[in-house]
Structures are given as C-alpha cells and as structure tokens.
Amino acid sequence: MDQFIKQDETGDLIETGMNVANHFLSAPIQGTNSLSKASIIPGVAPVLIGNPEQKNIQHPTASHQGSKSKGRGSGVRSITVPPPEAGNGGTQIPEPLFAQTGQGGIVTTVHQDPTIQPTGSYRSVELAKIGKERMINRFVEKPRTSTPVTEFKRGGPGAAAQGQTIQEEGIDGNGASAGSKERSGSLSGATLYAHLSLPQQDSTPANVGIAPQSATSANEIMDLLRGMDARLQHLEQKVDKVLAQGSMVTQIKNELSTVKTTLATIEGMMATVKIMDPGNPTGVPVDELRRSFSDHVTIVSGPGDVSFSSSEEPTLYLDELARPVSKPRPAKQTKPQPVKDLAGRKVMITKMITDCVANPQMKQAFEQRLAKASTEDALNDIKRDIIRNAI
C-alpha cells in the first residue's frame, strides 16, 4: 500500500471537507429542547405548555424506534398537567415558550386542561425568552458591526473624530469576545499632542574646530601589544620545550633507580666475599708455615722409652750450626719462575692509552714505556699511571 497521497487526491479531500462544512453551516438550526429541566424557574412550568415549537419536534421513524425499542417501552406517552395550587395566582401569560420531552429520547406530548389558566410573572417569561434566544443564536453566525477607525492627524483628532463615540462589542452569551478593533490614536510615542518647536532664528552659531588626531597614541599602544604578544609566544615555546623534556627526565629517574639497585647488589656480594676469605692477618708466607710443620729430630734426655725413634737411620749428623740432625738437609734449589704471557696485557694497555690519554705527547711517552716493559710489575705501573692521567 502506498503511504504517500498525491496532490490531486489531497485537493479532492479538502474540497469534500469544505462542502460538508458549508452544508451544515447553511442548514437551519431548530431550537427544540433548548432549555433543560434545571433551567426552568419553579412556577413557570405550567405556562410553558403548548409551545408552538412542538411543531418542530420530529418523532423518530419506525426503523429508529425499532432499534431503540429493544428491551424498552416504545414511544409516545401523554401527560396531563394537574391544576396549580392555591396562592400561586398572577397575570395570565398569552402563550407558552417550550415543549417538554421525556428522558432517554422519548418524546412526551403534553395536554393542557382547558379549565386551567396559565399563571406566572412577566419577569420570569422574559428571562425564559432571553435564555431561549441566546441558546439558539449561540450557534448562528451574525455579521459583526465594525467600529469606525479614527484616522490619525498631526495636532490631534478633528472635530468630527472627537464627536464619535466608541461602541464596545458585547459577548451576547457565553461565547468569547473578539475584542475591540479600534486602532491606537497615537503613532509617535507616549506624547500624544506635542506641539512642534519652531527653530530659533537669533541663535549664535558655535565655533567648530578640527579634532586632534590620536594616531600616535594608537601606534604606541599597538607596538606595546605586539611586544607583549611576542613575549607571550616566546614563553609558550619555552614551556613547550620544558614539557617535551618531561619524558626524558622520567627515563633518567628510572635508569638511576636501576643503577642504585645494581650497586647495592654488588656491595652485598663484596661483603660476602670478605667474610668467606678474611685474608692472612699474620703476614707469614704459606711456605714457612709448611716448613715449620715438617719432621725434625727430637732429643730426649734421661731415661725413657725410645721405641718411637726410627731404627732405619741410626746415624746422626751435625748441621752448619753443629746441631745434631738425623740426615743433612739438601741444599734448597730455587724454582725457576714460569714465564707469563704478557702479550694480552700489552694489548689491553695499548687500548687504554688510545681511549684515556688525549695529549699526544703523553700518549707517545706511554707507548715507549710499554715497548720497553718486560715484566708484569712494569706493566702494572704503566696501567696505574694511565688511570691517574685520565682522572
């Protein structure tokens, strides 16, 4: 199904709606059953019997009555009005105004006793007539009388306009008032009838001179603003550089923390090594200690058990100090020192000279000393001097 309506179909729908509205507006409005039961003033009900509007009451058709008569009683019923009580006499009313209807849409025909004269007051009848007319005219459009609009003229309204009176429109019922259509009498502000002021012919003209220029002050202010702007940009650049170094500062802090942790670990390991190898506090070489624990001759004087003495060497000898010994000690032979490989150390010292010595003359002197060095002590002296020179 197409959800969009074409323009031609829209125009046909609008035209059909306008025709229906015009049909209902042009049809006459019947004033039957205009007043409800609560709107009738007590004492006036008997005089409202026999209203000519009963002619306009349309009785329902047979089909309509059949649809409504299911489960109900049909139709039209007659009611006879009883005579009024004594003491309610008044002026006779020539004609009644309304017919009465029953409840639930059932039309009730009212018959009047010919012996009964309608009673009531003219004031009540007039009020009922006014209410009837207002209820009927409420739904009928009437041409409104337009209020004459006063044309505004400078100097106040004319004599003809002053004599006119403004007629206010009433609401004539319960409808809303459209308001007054009078235009405002003043079109030039709050002062309604202000007289024009005539120019003064004998006035003295004022002397007019050239206003001094202030371009110099403006230039000075602009130069000052430009200087402040330049300084502000310079400060912003410096702040940007400082903020850019923030990551580098954080990295340096992290590396410093790592170095501190490593240094603490090395110090702990060095303390452990010192505890495990406390060194030689006496300063006695190990060879001498071993020599003191070697075998030697023991002289026992006096009687005693000599079974522990060895029988293999019964001969005693005297040493160079005339001390008795079982066997003379052989002459001590010095062991030849092993020749150490100094080539690796020389290569290391050469690299130290190249990296740590910046002065060419000092570098040449260290190279000459390294070429002449042939012992480990000489190489250690050269290395020590290189470190001192670098510091």
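Cβ atoms here come from the backbone N, Cα and C positions, even for glycine.
Per Swiss-Prot, the features are as follows:
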- Thr10: phosphothreonine (MOD_RES)
- 54-98: region 'Disordered' (REGION)
- 54-65: compositional bias 'Polar residues' (COMPBIAS)
- Ser69: phosphoserine (MOD_RES)
- Thr91: phosphothreonine (MOD_RES)
- 145-186: region 'Disordered' (REGION)
- Thr150: phosphothreonine (MOD_RES)
- Ser188: phosphoserine (MOD_RES)
- Ser257: phosphoserine (MOD_RES)
- Thr282: phosphothreonine (MOD_RES)
- Ser292: phosphoserine (MOD_RES)
- Ser294: phosphoserine (MOD_RES)
- Thr298: phosphothreonine (MOD_RES)
- Ser301: phosphoserine (MOD_RES)
- 343-391: region 'Interaction with the nucleoprotein' (REGION)
- Ser374: phosphoserine (MOD_RES)
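A map of Swiss-Prot features onto the structure.
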{"residue": "Thr10", "record": "phosphothreonine", "DSSP (3 states)": "helix"}
{"residue": "Ser257", "record": "phosphoserine", "DSSP (3 states)": "helix"}
{"residue": "Ser292", "record": "phosphoserine", "DSSP (3 states)": "helix"}
{"residue": "Ser374", "record": "phosphoserine", "DSSP (3 states)": "coil"}
- Query: Using Cα coordinates, what distance in whole Å links Ser257 (phosphoserine) and Ser374 (phosphoserine)?
  - Reply: 45
- Task: Inside 10 Å of the Cβ of Thr10 (phosphothreonine), count up the other Cβ atoms and send me the figure.
- Result: 10
- Query: Taking just the CA atoms, what is the gap between Ser292 (phosphoserine) and Ser374 (phosphoserine) in Å?
  - Reply: 36
- Item | Predicted model, mean pLDDT over the region 'Interaction with the nucleoprotein' (343-391) | 86
- Take the region 'Interaction with the nucleoprotein' (343-391) and count its residues per DSSP category (helix H/G/I, strand E/B, coil), listing them in that order. 42 helix, 0 strand, 7 coil
- Note on the structure: Residues near Ser374 (phosphoserine) by Cβ (under 8 Å) yet at least 6 apart in sequence within the same chain, in sequence order, are Leu342
- A correct count of other C-beta atoms within 10 Å of the C-beta of Ser257 (phosphoserine) gives 10
- Take the Cβ of Ser292 (phosphoserine) and count every other Cβ within 10 Å, whichever protein chain it belongs to. 9
